[in-house]
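Swiss-Prot annotations:
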{"type": "BINDING", "residues": "Gly8, Met9, Pro10, Gly11, Ser12, Gly13, Lys14, Ser15", "note": "ATP binding site"}
Amino acid sequence: MKLIGITGMPGSGKSAITKLAEKYKITVVSMGDVVRHETSKQGLILNPENVGNTAVKLRELHGKEAIAIPCLNYVNEKYNCEDFVIIEGIRSIYEVNYLKKHAKLDIIAIHSSPKTRFDRLSGRNREDDSNDWNTFVERDERELNFSIGNVIALSDYMVVNEGNYNDFIHDLENTLKNIIKAD
C-alpha cells in the first residue's frame, strides 16, 4: 500500500486533493470524516466545539493514533496493496508513525496564513466551521496540541496556498505527480 498523507491547519486547502485524486483515480480517506462520524454517533451537533472535543476524547481513550487506526483498517479492507490511497487530515506525529509502520507514506503539507484560512472557513458553511475569530483560534490551538505543527515541519513536501486557486492546484498536482512518478 502506498499512502499519501495530507496535512495542514483547518482551511489551508487540504480537501482540494479530492478533485485531483478523482483525476488520477486515487481514493481519498478523510480522517476528519472519522471524527465527524463519531461525533454524530454520540448524538452531538456537528460544531467546532463538539467535533474538537470528540477528537480529543478519541485520542485520550484509544491513544494518540486513534484516528489513524480505523482509517488504515478501512484502507486495508477495501483496496489493493498496489493502490495509492490518500489519507487526508493527518494531525499528529503519532498518526504518521503508525501509518509508516504499516505502509509506504509520503506527507504533503498545505500551508496558508491564519487570516487566509479564517476567511475561507467563514465562507465554507460546514457544520464544524466557525465565523468567529476566537473559536477559530481555539480550534487552531487544539490542532497544534495534537502536534500538527510537527507533522507540517517534518512533511516530505510543502505546498503554499495563499494566492490564486489555479496556481495552488497546479503546484499540488505537480507534487502529486512527483510522488507517483518516484514510486
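Glycine is treated like the rest: Cβ placed from N, Cα and C.
Features recorded in Swiss-Prot, as mapped to the structure shown.
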residue	record	Cβ contacts under 8 Å, 6 or more apart
Gly8	ATP binding site	Lys14, Ala109, Ile110, His111, Ser112, Ile152
Met9	ATP binding site	His111, Ser112, Pro114, Arg117, Asp140, Glu143, Ile148, Ile152
Pro10	ATP binding site	Arg117, Leu121, Asp129, Phe136, Arg139, Asp140, Glu143
Gly11	ATP binding site	Ser112, Thr116, Arg117, Phe118, Arg120, Leu121, Arg124, Asp129
Ser12	ATP binding site	Ile110, His111, Ser112, Arg117, Asn161
Gly13	ATP binding site	Ile110, Ser112, Arg120, Asn161, Phe168, Leu172
Ser15	ATP binding site	Ser30, Glu88
Secondary structure at Gly8 (ATP binding site), reduced by DSSP to three states: coil
Conformational class of Lys14 (ATP binding site) under the three-state DSSP mapping: helix
CB-centroid shell, 8 A cutoff, ATP site Gly8, Met9, Pro10, Gly11, Ser12, Gly13, Lys14, Ser15, site residues removed: Ile110, Ser112, Arg117, Arg120, Asn161
Lys14 (ATP binding site): tally of other CB atoms within 10 A of its CB: 26
